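The block underneath contains the structure these notes are about, expressed in structure tokens.
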């Protein structure tokens, strides 16, 4: 779940914060070295975000972009947060704010690195400047409204055309109506929303009580979110009032009272801005804490953290009704399958499964258990491994497990809850470690129940040559989402098979009706290697004429099957470029065959899957 931080570096960000307290006196006193500006608050906010991610989401990729009327990618996506901290000291201020340009830049930058399927967190840190002229925020909102209205009109025209086609026989009327039903496309520099799942957060630095320009700007920023339909939120620092400051310690609020009275308390301060950043981090980067349960009656369970946090899954039926499902906080291991039997099913998302430690603090005569987030005291049923036992059966099960887990000295399990907590996590057994080692050695995966009729697979995954992790592959909701496995509710063990029955699956036919040499272009490197293979054969013509056209037809069929027609034009351009770079020692047949292949790829009649591009007969290959 990558993160993009966009920092406003317009001239308005270099303003000092009004009515602030300096080190030499009260509000308005001299001492420019102690004057706090909006830019300095923004830098402190960026450092707070990086510190929060270093503690709670160390695997997060972060990119830093600065913008005014133009933009600059200061730091590309990286996990080295120190690089971003160093780049913050080299920022300079520029002219006015232009939000639409950087929104288009963010959209293109993320699609270039991560595609259109990944989820992105986008954080804008600004003083809510709206800009001036054609690039102002108000004009951006008007352009989005115009585009949305054009899309609605096009949809209405398409509906009218379909109704006219069903109920009328006038061909001319149908043609004229259908011609106006073309969906408009936004211009290259127009932003109408992000083309990938994302959340847009605006960190607004200012005071709603005393700054009228900031108040107007926040309304336009909120209107931008509403008009574009973009998921997001505005985070505005909460200002303290008089009754709140009198109850507080007074270290920060009391100097601000001075001559301004109540207005001095409602100004932007370092504490209020950092509080807004803390609220944003807790909202957007909240960890998904769950419990992994494995085994039969005597269950093994372990508190875990699923990273990144799984998003709600929204499914739409044939009638257009939407249903949203949330992943359960209890992940039940149903069984184990071989990795070869699972194959590569369609998945919704992938997540890391990390063990989570439980911290316990005691006060007075009793004790209370809390997770890392520090949420929730224990109930009457008690907390065990991060969740409460709500039913009598679970409390009985916990007692039985505690009885078997007693030490040889016969100490009661309640004694262990109050003593030796500091070193408990060091010697405590971990279900994640046990499961990871077993799955890695046996080359198997665990089928996990994520919710009502919702399954996933947990398997051992290597991020590098030495780093192995537990990976959760989330399947679409449903019981029959993996066709070659059938209904996941009816999977059984080897002991359930009848005598003489072959329990292995998937069922393999003796003779396959399709070729085994299939083309897979999931990654960019696979497509590049196939094109390079064709070019290697082309440079060895005429000896490799048959191999050249065999690979060319294979790529052509795969491109047509996937609807990747642009690849054919790209191949033709590559062949024409290779002709000009051929060495003098190359055979004349190379340029002739490459020219012939480029011409055949551009022909419309060769867009049929059944057609085959044949070699050009020449005196060099002796095909004639």
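A Cβ is built for glycine as well, from the same backbone N, Cα and C atoms used for every other residue.
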Query - Where TrEMBL places region 'Disordered' among the ranges 287-321, 322-356, 357-391, 392-426 - result: 357-391
**Report entry** TrEMBL annotation (region 'Disordered') - matching range among 223-243, 244-264, 265-285, 433-453
**Finding:** 244-264
**Report entry** Residue distribution over DSSP helix, strand and coil in the domain 'Integrator complex subunit 14 C-terminal' (519-621)
**Finding:** 67 helix, 0 strand, 36 coil
Query raised in the report: So how many of the residues in the domain 'VWFA' (3-127) end up helix, strand or coil by DSSP?
Result: 52 helix, 31 strand, 42 coil
Query raised in the report: What average pLDDT does the predicted model assign to the domain 'Integrator complex subunit 14 C-terminal' (519-621)?
Result: 85
